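J.: Shown below is the structure under consideration.
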Amino acid sequence: MARCRLLLFLAALSSIFGLLHASAGDADPIYRACVDQCEKTGCVGDKCSQRCNFTSVGSPIDGPWYLQEPLYLRWKQWDCLSDCRYHCMLSREDERKKVGLKPVKYHGKWPFQRVNGIQEPVSVALSALNLAVQFHGWVSFFILVNYKLPFGPDRKPYYEYTGLWHIYAIFSMNSWFWSAVFHSRDVDWTEKLDYSSAVALLGFSLILAVLRVFNVRDEASRVMVSAPIVAFVTTHILYLNCYQLDYGKLMLLDHIAGLNMKVCLAMGMLQLSLWAVWAGVTHHPSRWKLWVVVIGGGLVSLLEIYEFPPYMGFVDAHALWHATTIPLTYLWWSFVRDDSEFRTTTLIKKAK
């Protein structure tokens, strides 16, 4: 009898902790009842999910094998439970709106409207635009240093940071690609790839900031500067992929309280501070562009901290952050091109 009481107590305690770590929306008993009912019937009101007729691997429950769900749809892992959660979320939000209540999060995310199976269509589109701007900036830089600026006696560009900016472009495009994939469908593997690629980009950006601001040109010195940052970033990426992420938990003040967000903000603010100090002391002809990027980057970072529900179910603070990075990225690559011309001209004058 005592063992039964102990088991009941532990079960109740685990349920309490589960509710504490849930978002306000998915802790709502009306929402939970809706999801339970939908899993049994496949319908929420007059909206029914065809995926409730398939197993978790995409095979039809009743029907021949050739009626399986296509692979290009299965990778997003939409299933009966996810569809039920989505339709119950929309239904519950409509009810809350009628009585004057504000939107709440469900399973750590705001209530977004899907478009053709895409979870956050505006963020996906803006991530794709950022990827395009990064590609344009990198190609224009590549053409400038390889076809327009003179080469040194060793048949290499005078600009000492050419290779580093090429690597930076690869990290940037990789990060925005996985950002688009993640916002298309938030599942475990897309989340980890998005976070890992973002951390890798911020880590390399910090290395690049240190090397350029302090004008580190010796290879041995570059390795010494980069090694501790690479070690830290690698350790953090392993943490993200091997341990449970605490991103978006209600008890941890959503984004800012998670360790990953703290690390990203710390690396971002550190490199912005380095560029800001350098812009204040250098006589670089394009330092005003650097000032705009630094100040703009600092201001738009607030959108990652002070978020708000998506307007009309589509545009939230994170989507606006994606939008503001587009002109900043264009200006940033303009500064990089100017820097390559400035350094090349300076080194040619010194050689004479």
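Every residue, even glycine, has its Cβ placed from backbone N, Cα and C.
Annotations in TrEMBL come from automatic prediction, not curation.
Quick paste of what TrEMBL says about this protein:
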type: SIGNAL; residues: 1-22; note: signal peptide
type: TRANSMEM; residues: 124-145; note: transmembrane segment
type: TRANSMEM; residues: 165-183; note: transmembrane segment
type: TRANSMEM; residues: 195-214; note: transmembrane segment
type: TRANSMEM; residues: 221-239; note: transmembrane segment
type: TRANSMEM; residues: 259-281; note: transmembrane segment
type: TRANSMEM; residues: 288-306; note: transmembrane segment
type: TRANSMEM; residues: 318-336; note: transmembrane segment
J.: Decide whether the stretches the transmembrane segment (195-214) and the transmembrane segment (288-306) have at least 3 CB pairs under 8 angstroms, with pairs required to be 6 or more apart in sequence.
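T.: The answer is no, given that the two segments have fewer than 3 Cβ pairs within the 8 Å cut-off.
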J.: Residues of the same chain, at least six outside the transmembrane segment (318-336), with any C-beta under 8 angstroms of its C-beta?
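T.: For the transmembrane segment (318-336), the far contacts come to 120, 122-123, 126-127, 129-130, 133-134, 136-138, 140-141, 165, 179, 286, 289-290, 292-293, 296-297, 300-301, 303-304, 307, 310.
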J.: Give residue numbers and ranges for long-range contacts of the transmembrane segment (165-183): same chain, 6 or more residues beyond its ends, CB-CB under 8 A.
T.: 118-120, 123-124, 127-128, 130-131, 134-135, 137-138, 141-142, 190-191, 193-194, 197-198, 200-201, 204-205, 208, 322, 336, 340
